[in-house]
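Enquirer: Below is one structure. I have some questions about it.
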Amino acid sequence: MKRLVLLLVAILLTGCVEKEIIDDINIEVAVGYDKSEDGKGYRGTVLFQQFQPDQSVENVTFTGGGKLRQDLLLEVTKQSSEPVVTGGLKLAIFGPELVKEGIYDLVDSFQRDPSIGARLFLATSEGKSGDLLKGEYGSRGNSKYIYNLINHNIEKRDIPKTNLHLAARDFYQKGKDLFLPRLKQTGQDKVEIVGISLFQEDKEVDILPVEKMFFFKLLVDKYSEGNFDVKTSEDARAAIQSIRSKHQIKVLNRRAKINIEIYGIIREYTGKVLTPEIIKEVEKKLEDQVERESVKLLKRFQELGIDPVGFGQMTKQQHRNFDFKKWEDEYKQLTFDVKCDVVIGETGVIE
Amino acid sequence: MQEQPIPDRLKISPFLVFYLIMSMQIGIGVLGYQRIIALKAGYDAWMSILFAGGCIHVIVWMMYKIGDTVDGDIVTAHKYIAGNFFGKVLSSIFIGYFTLYSLTVIRTFIEVIQVWMFPEMSTFWFAFGFMILCVYIIFGGFRTVVGLAFFGLVLPAYLLLTFGWAIKFANFYNLLPLLDHSIKELLTASYYMSLTFIGFEIILFFYPFIKEPKKSQKWAHLAVLTTTLIYTVLAIITFAYFAEEQLAKQIWATLAMWKIVEMPFVERFEYIGIANWNLIILPNVCISVWIASRLIKRIMNVRQKIGVFFIVGAVLVLINFLDTREKINMLNDYIGKMGFAFTFIYIPMLFAAVMIAKKVKKKKGKKR
């Protein structure tokens, strides 16, 4: 008798929570936000994936507007034949006008929603983010395409590590500012990374062009697998690959000492013979270039009053009772001393 | 009235005390203690955890001394110092304490499920199902409850590994500079650790059920030490993972760290983690309901089953009144304060009283 009651309870109680069957819901996989035409609130574009019988993915977008993220969901739900869930969101893109006004409210709503993961990529776009999401990229769906685009550029190329958690952490961390990768739609089926948006608080204040991204990543993150070209003479260039890098930053008496260590392999050389002297020269050239460009970048950040490298945070870690108000003035007077050390380990399989 | 001794076949081996204490300590507090202590002592708060853990060892030692002196549980100890009637009055306070404790645990856990997974889930029906399971387990006797405590700790232990994902994104320099806060702030943080740490006081209630209680003392200390270390390491990982102002916004920092977990077969690990947490919560509720019903039995001389039904009924009624975050938070606050008062103020007082009573009784014995 007792067992029967338990069994009954077990069966009856399973129906207590609403079921969500994967075929009967629309999973939001990417979202783009733009400023609305009338200037109040924003216009959002939500991207869903519809899996076709031949295993390809159809991109379906809905747009809606509002003042809150939930307004958008509400409007999209009105247009969608299936209920909308946000658990699979992988990508959020902010349009150019919106980032200038601030994205804090939206980032906050992502953090507040328990079903949204911390690995969500945030990015800015040149041109309307809605148009970017409405393209047709690859056969695995736009969201997957752009997600992978950013992801492998983080792992192997020049975008510093980023995701929702890291962006939010940089935003909340005193003495460090936020940066996000910047995307551009170059054709109906093409999208590319065109730089890094630098933020002050939650507003975009500057855009780092692609050429500077290598030096930026050396300063804020470490390389595990990068590459870079060095021009040695008029007609000779060397491609350095598998770059691994480390940086060490110390702030003492208004002087920031930055040590960058780079280890790489030469994969391509367009000159005649690759002698040890030329390798030395390549190393020297790269060192000079890194030192020069890094200082330029840091000076630029200083002028703009932003601190994506996190000098403030690092100085705080070395001082008790740290005063961030005072630091703002001190940062303006900070001098930078960049030392770079390049080691070329191998030169490929031929001499 | 002479107390009945507990027959040997109902007693537990000394080493099981380790699992009992740890599974009672680790419950809901661990889901969000990092924020509370960091608000008080910033990122130096991990030192407060070590300090609080150290203090607990003294309390554990006192509890064993009390149990050893009176040769019984807290009811015997109360009788020893205050006589039969007043002793029972004192003991009956703890029926309320443990009923509230089980209520807090289960309601907070349901809140977590409602916020993180199923907002529309009914509080009452989940609690009802959960309580039926508890009643079933408690009717199996104390040894079944202990067995559950063992599994409730060992099976979900793998969850500790899942915080490895957070380490990948951690910046341990966040903890610097050390000692940026005053001693007073550090002590306040230690005080706020109490909700997370309470649970070890159950020794006083199941003392007579331990075979060779003296041998179990080292296991009790080991349990407290392990919990302290787990809490400290978890706090350090959390501090390294979040920026300080970001952590201030995380109600359940431990769960928020699961948002970064990435596995090929599951998009959101929180669902697995929270479902598994059920197993951690179960011994918490079972042990506290068992203790409360045992107290009813000892004080009122009724069968334990009646006590169990009474307490489960009370919990199921009271749970309906706790419907907002504010009220749940308030309850958590109260139970934390009560736990603090009980463990760090009442137990030392009881210890002193028992020691004095022992001296007085010895003198009387000599005179006779």
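Here the Cβ of each residue, glycine as well, is placed from N, Cα and C on the backbone.
TrEMBL annotations: computationally assigned, not manually curated.
Model, not experiment: these values are computed from the prediction.
Residues or ranges marked as transmembrane segment by TrEMBL: B:12-33, B:45-64, B:85-110, B:122-139, B:146-169, B:189-210, B:222-243, B:271-293, B:305-322, B:334-357.
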Enquirer: Take the transmembrane segment (B:45-64) and find every residue of the same chain, 6 or more past its ends, with a Cβ under 8 Å from one of its Cβ atoms.
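Expert: Residues packing against the transmembrane segment (B:45-64) from afar: 34, 37-38, 175, 179, 186-187, 189-191, 193-194, 197, 200-201, 203-204, 207, 213-214, 217, 220-221, 224-225, 227-229, 231-232, 235-236, 239, 343-344, 347-348, 351.
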Enquirer: Short question: which residues 6 or more past the ends of the transmembrane segment (B:122-139) have a Cβ under 8 Å from it?
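Expert: Tertiary neighbours of the transmembrane segment (B:122-139) are 106-107, 110, 113-114, 145, 148, 282, 285-286, 289-290, 293, 305, 308-309, 312, 315-316, 319-320, 322-323.
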Enquirer: Against which stretches of its own chain does the transmembrane segment (B:271-293) lie, if we need a Cβ under 8 Å and a gap of at least six residues from its ends?
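Expert: Residues 20, 23-24, 26-28, 31, 94-95, 98-99, 101-102, 105-106, 109, 112-113, 116-117, 130-131, 133-134, 137-138, 142, 145, 148-149, 151-153, 155-156, 159, 162, 199, 202, 205-206, 255, 258, 304-305, 307-308, 310-312, 315.
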Enquirer: For the transmembrane segment (B:222-243), what are the same-chain contacts with Cβ under 8 Å, counting residues 6+ beyond its ends?
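Expert: Distant contacts of the transmembrane segment (B:222-243): 17-22, 25-26, 30, 33-34, 37-38, 43, 45-46, 49-50, 52-54, 56-57, 60, 160, 163, 166-167, 169-172, 174-175, 193, 196-197, 200, 250, 253-254, 256-257, 260.
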Enquirer: Mark yes when the transmembrane segment (B:12-33) and the transmembrane segment (B:85-110) have three or more Cβ pairs under 8 Å (sequence separation 6 or more) and no when they do not.
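Expert: Touching, yes - the transmembrane segment (B:85-110) and the transmembrane segment (B:12-33) meet the threshold of 3 or more Cβ pairs under 8 Å.
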